[in-house]
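Now, the feature entries from Swiss-Prot:
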type    : residues                       : note
BINDING : Tyr130, Tyr164, His188, His190 : Fe cation binding site
Amino acid sequence: MNKRVKDVVDAIVAAVQRVLDQKEVTEAEYRTAVHYLMQVAEQRETALLCDVFFNSTVAATKARISEGSTPAIEGPYYRDDAPLVDDRLKTYDTDDHKPLLIQGTVKAVDGSVVEDVTIDVWHSTPDGKYSGFHDDIPTDFYRGKLRVGTDGSFRVRTTMPVPYQIPDQGPTGALLETMGGHSWRPAHVHFKVKAPGYETLTTQYYFEGGDWITDDCCNGVQSSLITPDIVEEGVRLMNINFVIEPARAQAGANP
């Protein structure tokens, strides 16, 4: 028996049972919910539904016990096969969005330089889509892997991402609408920072003053993840100093 699985599932079941009782959910409402979950599965939106309502809580829990930079939701558009890049992500020739320079450092909790660090960077196209997932956009556009310098520094040029709507034509979008919500995410850039012997940091950073920054449909925005509105010579700057922590044992790793 996996005690960790039992403890978590028992707690989830107890919480749902408590809400069913407190809200006096009827048999008809219960059956509607069961049918809804079947629709979610049939339309392959299980991951989307869970990400919208629960992923930010998992990220916030990790942030609470972490000594490193603030983690955030990964989202569904990460690809491990992104190409290595030197100083620029590949973008459309027709992309006339404001240039963006992402730069900063990666350090350990004690401030020391970490060896052999790579950073995955990915963000939306100017029309709110992701390479390798939408419209046959080549997988090497708007994403790449950076090798961090021996001094812990990195920099890469790209263009500004845009706010976009998560898929909202299926049951997840219908539920958000029924609840009076919406399906918009603020513009952001994703990062995954990896180094041998260290916890992988998965996070995303946002832009001060951006649309939907205070009303993200996925509740993913934390104040520590919002970068200030700094523009130099027509280039928006995103300055980030990542802090990563030593790897630790994972709860429930052994059955």
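Any Cβ shown, glycine's included, is placed from N, Cα and C.
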Which residues in the same chain, at least 6 apart in sequence, have a Cβ under 8 Å from the Cβ of Tyr164 (Fe cation binding site)?
Ser124, Gly128, Lys129, Trp184, Arg185
Which residues does His188 (Fe cation binding site) neighbour through Cβ under 8 Å, counting only same-chain ones at least six apart?
His123, Pro161, Gln204, Tyr205, Tyr206, Phe207, Gly220
Setting Tyr130, Tyr164, His188, His190 aside, what same-chain residues sit with their Cβ within 8 Å of the center of the Cβ atoms that define the Fe cation site, listed in sequence order?
Gly75, Tyr77, Trp122, His123, Ser124, Gly128, Pro161, Arg185, Ala187, Val189, Gln204
How would DSSP class Tyr130 (Fe cation binding site) in three states?
coil
All-chain count of other Cβ atoms within 10 Å of Tyr130 (Fe cation binding site):
24
As a test of the contact definition, list every same-chain residue at least 6 positions from His190 (Fe cation binding site) whose Cβ is closer than 8 Å to its Cβ.
Glu74, Gly75, Tyr77, Tyr78, Asp120, Val121, Trp122, His123, Thr203, Gln204
Helix, strand or coil by DSSP: which one applies to His190 (Fe cation binding site)?
strand
